[in-house]
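Okay, so here's the structure we're looking at.
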Amino acid sequence: MTISAAGETRPTNSGIDTEATIPWDDVLAAYDPVLGLEVHVELGTNTKMFCGCATEFGAEPNTQVCPVCLGLPGALPVVNEVGVESAIRIGLALNCEIAQWCRFARKNYFYPDMPKNFQTSQYDEPIAFGGWLDVEIPAESGEGTETFRVEIERAHMEEDTGKSLHVGGSTGRIHGATHSLVDYNRAGIPLIEIVTKPIVGAGERAPEVAKAYVATLRDLLKALDVSDVKMEQGSMRCDVNLSLMPKGSDTFGTRTETKNVNSLRSVERAVRYEMCRHGSVLSQGGSVLQETRHWHEDTGMTTAGRPKSDADDYRYFPEPDLVPVAPSRETVEALRATLPEPPAQRRKRLQSDWGFSDLEMRDVLNAGLVELIESTVAAGATPAGARKWWSGEIARRANADGADVVSYAGERGIEPAHVVELEGLVTSGRLNDSMARQVWEGVLDGEGAPTAVADARGLELVQDDGALEAAVDAVIARNEDIAQKVRDGKVQAAGALIGQVMKEMKGQADAGKAREIILARLGQS
Amino acid sequence: MTTDLTRASAAELADLLTAGETSSVEVTEALLERTDAVDGDVHAYLHVDRDGALATARAVDARRKAGEELHALAGVPIAVKDVMATQGLPTTCGSRILEGWVPPYDATLVTRLKAAGMPILGKTNMDEFAMGSSTEHSAYGPTRNPWDLERIPGGSGGGSSAVVASFQAPLAIGTDTGGSIRQPAAVTGTVGTKPTYGGVSRYGLVALASSLDQAGPCTRTVLDAAMLHEVIGGHDPMDSTSIDAPVPAVVEAARRADVTGMKIGIVRELTGDGFQPGVQARFDESVQHLVDAGAEVVEVSCPSFTAALAAYYLILPSEASSNLAKFDAMRYGLRVLPEGVTDPSAEQVMAATRDAGFGDEVKRRIILGTYALSSGYYDAYYGSAQKVRRLIADDFAKAFETADVLVSPTAPTTAFRFGDKLDDPMAMYLNDIATIPANLAGVPGMSLPSGLADEDGLPTGFQILAPAMADDRLYAAGAALEQRLLASWGGPLLGRAPELSAASTSKEA
Ligand SMILES: [Zn+2]
């Protein structure tokens, strides 16, 4: 038995190739896009939305289930309070109003991975509504950024479905499969669906705006600590609604809903692709079919899914097994007080606190080092030191491993305290910069904390002035011409002597001290 | 002391057990023998758990012998309607679609019975998914009324009332969505209570209509009902709609049986026209008994009750259509492969299974509910029904300003003959006209025997309704009426029921 795709009959646009695309510039010349983004976020609660089952990702199939999330006859749901609080915090962070009183509703449709054949969701009474999120996109001038405000229609609570695995086909998709397996571990995991109002006026920036919105939302949810927002694991999923209207018109065209858009890059590409495809259909005189489409990361294209119409009837009605959610205003305000600083604002503050240039800050952001640098600075390092040590050798090694710095360091027990200690060794004069680099490599090689590595490798600036003075004397003797220049007042010529002294000392000397002695010997101190 | 253990009330059995004059094993065996003798005719059970019941009985006897402090009803056996999930015991809801399903968990109510040490004798017959007023819609054949085997025992919980009326169990659990505890009680001459909505946990009750369903006791005496009510009632964190408050003092109210100064409201819309003369006559007499006991009579009007049936038959099918969607052959229960289809899809298997597994009445209500919830019709049907529901609750609230309890006949007629209303769903639905308003408003109700109708010699029922969370008033009024009726009859009404084919298997203790 296989789980078949519903709805095989489709209206046709006779003589028109609905799968063709036209060039990007041609689309922009004739049409304006209207975007709508629906983002589903799996909350990181310890237990499911309506039962006490665990929510751990990647567990053996059907091991995190109970009568409630399996939809066994007689079982009843109980709302996860933490899930409701997370929903409210998300709503507040998106500048939404929080409902004084709202209910869950049943969304009725049959599908084998949905245990009750209805999804417990919210319908006309969402927990949060009427908000906005500012996103930043590169300014058209090419310098700095500009802000685009995305209006939020609503954020509501619901439960996830199980997961179907189609076996026997070559593609892992329904068609061609001999049978299907269902894993209900995911069934009942709390989801928040965040829906934008139609985004108009983005024009050619629409793909960038879409991507920036999802990225900004992801950062925000991460800062709220409500979800691990891993698009590749499906804990954050994006559906892209898109339609075109002829330039100058303000009547929305027919939209498609593209599913399975599960990376930031794909969001941008999918918007662009659908704009080019809609443009093709419309410019051929055809009409866009209202349907769901599937995004294919590999080909960069969408394919037709299920026809969808406004007549799709889920027979919503208020869930009689649950009581209304009525958060008190005190609760809402208490939750508001737990909101973190908005990520964009925080970035600006940190950049200024740390004195990083735009370029430095961008590199730090792209490498995902903000939190690590923040905790390293908090542990006592200088911002410049924290940035330097977390973005050099360790980044090269993490990159070679296909990992990011944070997880690479985490797995190896390399901590902010190590950076602080390393910096301390330099400022105390025990190590110079090149020695510090060697010590850091030792730390990364797993040889221990910086002091231990320096000890083991015998790395230490020579503190014995006698040895240094002897080396200076030897170098001056060999380079009488240079020494004379210094004596004559060309102090900058001392650099060449310092270099030779350092060489003589095999690097284990304090260059500053060497300079002091040289200048003293040559009568310039 | 000589007692027929099968005819003893639960309260009497509890006393005998506490006094050590009988054992739970002895009681359980007597009841199981009675079942062997009579249930071939009555068909109250879908499943008898002889071994499980005796194992519990032995365990309780051992604990009692060891001097453990036990629950008052420890060792008193009980039958459970087949709509409650029972771990390790088949649970079919009277439907083919759940044939062979054995739940991996217990309903909260069942957990409480087990915690009290009550042996579970078996699972009782019912209309499929509790849809019906006669048990004729059970996929496993109807239950017969012990008063007349050619007549219906009421429904949907005909099995639970018949099992008590035929002395196969002193206690049974029923569920009441529109009268499924009270109407069977009325037509079998037994007692049944629908507690306040939320008063007894619904966790493990296979839902018909979530906002209306409520489990409750089916017994032969008012005191027994109160004692069972106390065992199963109270807050359950597994049921969001469960009331977080102590169970009203129902046992105390039943023992005091005091109606002095109580205002009894006769609901104008639930008497007179449409009620069988014998039913009405016994009702009027019962009201007089209550007056004699010190109550005061007032007349109240609840005009919205006339729309209750219509609202009920929109809300119930709507919720049921969604609740029954889970029966899809994917995870449990029946799985039927469509004929002549090679390599069928999941949707085809679902359709074939639901076609074969559901009976006509279930399909009728799923179709009605699906239609009522459809977009474009929602406001006109489900939405309007919810408005009527609020009006009915308002009518109750207003009536309870002048009356402490409301009373009416439980059902308009005595037990009808099999097949009489099977082809006329409206006539069948009308049987619940007096019981439905309580479910729509969530208030508690009780039915107790008021006598036999002169025209057919069959039992009639007297219904008492109280405000939400005032379940104790049902028991105060019910027990007071019961006392006077027993005195006037000279013994229990069921003593007048015909002997069933096999002689009563009395046991001496
Ligand atoms: Zn679960």
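Using N, Cα and C of the backbone, Cβ positions are placed for all residues, glycine too.
Whatever TrEMBL says is automated annotation, not expert-curated.
Annotation comment: TrEMBL describes B:K81, B:S156 as active site, charge relay system. What TrEMBL records for B:S180 is active site, acyl-ester intermediate. According to TrEMBL, the feature domain 'Amidase' maps to B:26-474.
Locations of recorded TrEMBL features on the structure.
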residue : record                               : DSSP (3 states)
B:K81   : active site, charge relay system     : strand
B:S156  : active site, charge relay system     : coil
B:S180  : active site, acyl-ester intermediate : coil
Fill in: Winner by Cβ contact number (other Cβ atoms within 10 Å) across the active-site residues B:S156, B:S180
B:S180
Worksheet, complete the sentence: As a whole number of Å, the Cα atom of B:S156 (active site, charge relay system) is distant from the Cα atom of B:S180 (active site, acyl-ester intermediate) by 5
Discussion item. My understanding is the cutoff is Cβ-Cβ under 8 Å with a sequence separation of 6 or more in the same chain; which residues meet that for B:K81 (active site, charge relay system)?
Written reply: B:K123, B:T124, B:M126, B:G157, B:G159, B:S160, B:A172, B:I173, B:G174, B:T175, B:A215
Worksheet entry | Model confidence over the domain 'Amidase' (B:26-474) (mean pLDDT, whole number) | 96
